[in-house]
Every structure is written in structure tokens, then in C-alpha cells.
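> Just lifted these from TrEMBL, have a look:
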type	residues	note
BINDING	Glu86, Gly87, Leu88, Arg228, Asn248, His249	S-adenosyl-L-methionine binding site
BINDING	Arg228, Arg232, Asp245, Tyr260, Tyr292, Tyr305	substrate binding site
DOMAIN	70-293	domain 'SET'
Amino acid sequence: MDSYKLFSPSSSAPSLSAFLSPRPNTLRHLPSLPCKRSFVSASLLHSQQPQKPPPLPPAVEAFWEWLRREGVVSLKTPAKPAVVPEGLGLVAQRDIARNEVVLEVPKKLWINPEAVAGSEIGKVCGGLKPWVSVALFLIREKLRDDSPWRVYLDVLPESTDSTVFWSEEELAELKGSQLLSTTLGVKEYVGSEFQKLEQEIILPNRQLFPSRITLDDFLWAFGILRSRAFSRLRGQNLVLIPLADLINHSPSIITEDYAYEIKGAGLFSRELLFSLRSPVSVKAGEQVLIQYDLNKSNAELALDYGFIESNSERNSYTLTLQISELDQFFGDKLDIAESNGLGETASFDIVSGQPLPPTMLPYLRLVALGGTDAFLLESLFRNTIWGHLQLPVSRANEELICHVIRDACRSALSGYHTTVEEDEKLAEKGDLARRLEIAVGVRAGEKKVLQQIDNAFKDREMELDELEYYQERRLRDLGLVGEQGDIIFWEK
């Protein structure tokens, strides 16, 4: 995993480390995969005039017939699968009102850890991570000709445009980007999980897994869950919902509220239903769409679903800072950081066009604190130091953090093989291959945010002589500084 680490030039000065690394949330939460809200992969959406959809593939017709037999759909169902620019989607069969229920799927058709536990492989999956057990279940059912889930599995894609499915040549277009590091880290993680699964479950239970299961199979299942599984539901943190997972994304929908829920089937029924609503009104013949996640960056959208948005606020870069263990004040600084909800390392997402995260500068000043400023680390200031760190401590401290961050930005920018201007020219030409379009968009977005960070600290460097530091503030509070900022002396 690539990172950039810089130390202060003088060994006598406090050390300050800056890592420009992959988005921490992406890798940190992989073991609890359901925390990533996921749906079907979709490309950049734009307004489309309703038109007669192409004929459905036989597999989709069979899927719809299966749903009809199971009592999930009927002629009155407001939306139906259709071939759309993204692949498959849900198209309104009539006008649909805002917040109207589009479809309801009973629990018997959900694929989740509970379904795995009740299957033939349930006894050997008890100790697995929930997503790993569901992934293994999907693969096994896909390899079975007589699987009861056959018609659903036949409409699932063999891959998406998620970066986990990109070739080496395609990934090379992401050189220097955090998305590349994250993607490689994800694939390494999936590979290690597969090795454990193969050794502990698959090989010792060959009678349950007669067909050979490969890493490619496991990566496919991971991609399916990453892009289609619903989460953050009542009692359900990882669940595939056939039919509902055909819903595509629209950047123009700016609310995630009320799109779906789990509810009871009726007053006297214990059956649970997954209910999907349309967050906006939809005309007959138009796609029913939802907002996947307002908080995901373009890099996360590319990793999870295989698309990006043109919205610049989806561009972000993660700056990870660290208190060096070699710092003579490591223990004091760590205690202060932990007392304020941070730690030995702290990651900050800088978003295009947005100010720096509010805790970033205080943490930076803490990490850089040393020399004549180290008195602030004494126990006397323990309850007030975080307040002092909200404002510049000293010129030396403020100058150090500016130099380190700017050096880190320049180092990160040098790792890309194109400039922002070159990326913009490529994008303007158009007709790019889908994955190249994603690569160009993500890397250009990252570089613009890096330039934004660099410019912010460049401006701060130019203001160093004008800033008020701790000692001046202290003297002013004691009434020892005049109106013009001059120190007041009293004659004997």
C-alpha cells in the first residue's frame, strides 16, 4: 500500500508524519462489509425520455415468471425489470407517486446469513464472517444446476465496472491514486479471506462442495455483495433482495430517506417484507431510481459500483496524520489525542470545495508540538490544551505543519502519470472506454483536491507574520498588550 511519509528536517525538532494514503474507511470496515450500503452497479445517470424498452432477455423473463409464481409480482406491480443503459433496471409500468411502494419482497426470498444458516452448508458456516458465509452460499448455488435460486443467479452480472474487476492495464490508469492503493488492498484482503475459507471450510468438506471453487469465484461473490446488498435495515445488516437489487442510482436524487424498509406483512402476520418506495414521482416508461449514498466519494463509488459522478463534491482525498512513536512526548500527545476522540493516527477526508475538517489543524499542531511550545503538554494544561490548539500556537509550529503538508501534497502529485490539464483534455474529447472514463475522473478529482490542500497551506504560510500566537493571546488576556499589539511596560 503506497503512502507518503515526511519528517521534519531537523532531528532536534518535533517529528511530524503525514501519510497520504487510501481512504481509511474503505479498508478499515471491510471485515464488517455490510456497513457499506450497496446496490446494483450503475453508470452516470442522465435524464432520459421514456421510450419503449428493448425485449427482455429470456433469463429475465424466467426470473419475472418465478417472482410471479412466488406471489411477489402481478400485472398490477408498478415497476418491472427492463434493459436500460446501465444494464438492467426497474421501469415504471404506470405513473408512480412520490413515496409510493414500488415492490415488496417476502423474507423467504431474501439471501442473508440466516438463509445460509438454514441451508445444507449452514453447519460449517457458523464461525464465518457474515459476508464470507453469504459469498460461499452464492458460489455454491451458482455452481449447482438444480439450485432453487437458479433463475435469480442467472440474472446476476458476471462482473461490474468496479475496480476490483479491472485488468492490470486498466488499473495502470490509476497510477498514483488512492483508489489504486485501496483496490489492491481490497483484492489482497479478499484473497486472504479466500485462502482461510478454502483451508478451513471448503477442502475439509468436499462432500458439500463437489465443484471446484476458485479465487475468481470468490471475488465475483464479493463484487456482487459489494454492489447489490442492502444494509442498515431493521435486524438485517447484509441481505440480497431479488428484484429490489435491480434499482439503479440517480445523482439528481438528493435524499436517502424512506427509499426502503423492512416491515410486517400485516396486522396478524409474523411475515416480514422488504418494501421499496420511490423517493420521487416517476412517469410510466421511466426508470425508478434512488440515491445510493450521499456520503460516498467518487473513489468509493468506483470501487463499490463501478461508476462516478460529475459532481465535484464527490471528489475527496484522505490525509492520514500520525504521532510518531519516536517523539519524546509521544505518551502525552497520545493521551491528549485520545481524550479528544482521536488516536495515534487520525484520518481526515478533504472534500473538493469544502473547508478543512475542524479537528485537522488542532491535531496537526499537537503532532508538531515541541521545543519551547512543549510546556503546553504539561499536566497543568491538560484540560485546556485542546482549546489552545484551535488557534495557532507559535510561528515555528504553524510553519512546520505548512511545510510538511505542502511537501506531502507535492510528493503525492508527482506519483500520477498525468496532470489535471491532461486529464481534462482527455475527458473533453469524449468517447472514452467506460473504465478509462472512471480512471480519468477519479485521478483528476484526487489531484484537484491535493492542489486545494496545497493552496490552503500556501495561503497560510503567507499569513504567518500576521497570525496571533499563544504568547500574544496570553499577554492580551493579562492586559499586557496595547491596542496596537505592543507590549506594555511599567516604570518603577
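The backbone N, Cα and C atoms fix where each Cβ goes, and this holds for glycine too.
Nobody curates TrEMBL annotations by hand; they come from automatic prediction.
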> Determine, to the nearest whole angstrom, how far the Cα atom of Arg228 (S-adenosyl-L-methionine binding site) is from the Cα atom of Asp245 (substrate binding site).
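Distance between the two Cα atoms comes out at 6 Å.
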> Sort the binding-site residues Arg232, Tyr260, Tyr292, Tyr305 by C-alpha distance from Asn248 (S-adenosyl-L-methionine binding site) and give me just the closest.
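When the Cα distances are compared, Tyr292 comes out closest.
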> For the C-alpha pair, I'd like the distance in angstrom between Glu86 (S-adenosyl-L-methionine binding site) and Tyr305 (substrate binding site), rounded off.
11
> How big is the Cα-to-Cα gap, in Å, between Asp245 (substrate binding site) and Leu88 (S-adenosyl-L-methionine binding site)?
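So the Cα of Leu88 (S-adenosyl-L-methionine binding site) lies 10 Å away from that of Asp245 (substrate binding site).
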> Count, for each of the binding-site residues Arg228, Arg232, Asp245, Asn248, Tyr260, the other C-beta atoms lying within 10 angstroms of its own C-beta, and report the residue with the smallest count.
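Relative to the other binding-site residues in Arg228, Arg232, Asp245, Asn248, Tyr260, Arg232 has the fewest Cβ atoms within 10 Å.
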> What is the average pLDDT across the domain 'SET' (70-293)?
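On average, pLDDT over the domain 'SET' (70-293) sits at 93.
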> Using only C-alpha positions, which one of Arg232, Tyr260, Tyr292, Tyr305 is spatially nearest His249 (S-adenosyl-L-methionine binding site)? These are the binding-site residues in the record.
Tyr292
> When the Cα-Cα distance from Leu88 (S-adenosyl-L-methionine binding site) is computed for each of the binding-site residues Arg232, Tyr260, Tyr292, Tyr305, which gives the smallest value?
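Considering only the listed binding-site residues, the nearest one is Tyr305.
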> Which whole-number value in Å describes the distance between the Cα atoms of Tyr292 (substrate binding site) and Gly87 (S-adenosyl-L-methionine binding site)?
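The Cα atom of Tyr292 (substrate binding site) is 17 Å away from the Cα atom of Gly87 (S-adenosyl-L-methionine binding site).
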> Gly87 (S-adenosyl-L-methionine binding site) has how many other Cβ neighbours within 10 Å of its own Cβ?
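Total other Cβ atoms inside 10 Å, all chains included: 15.
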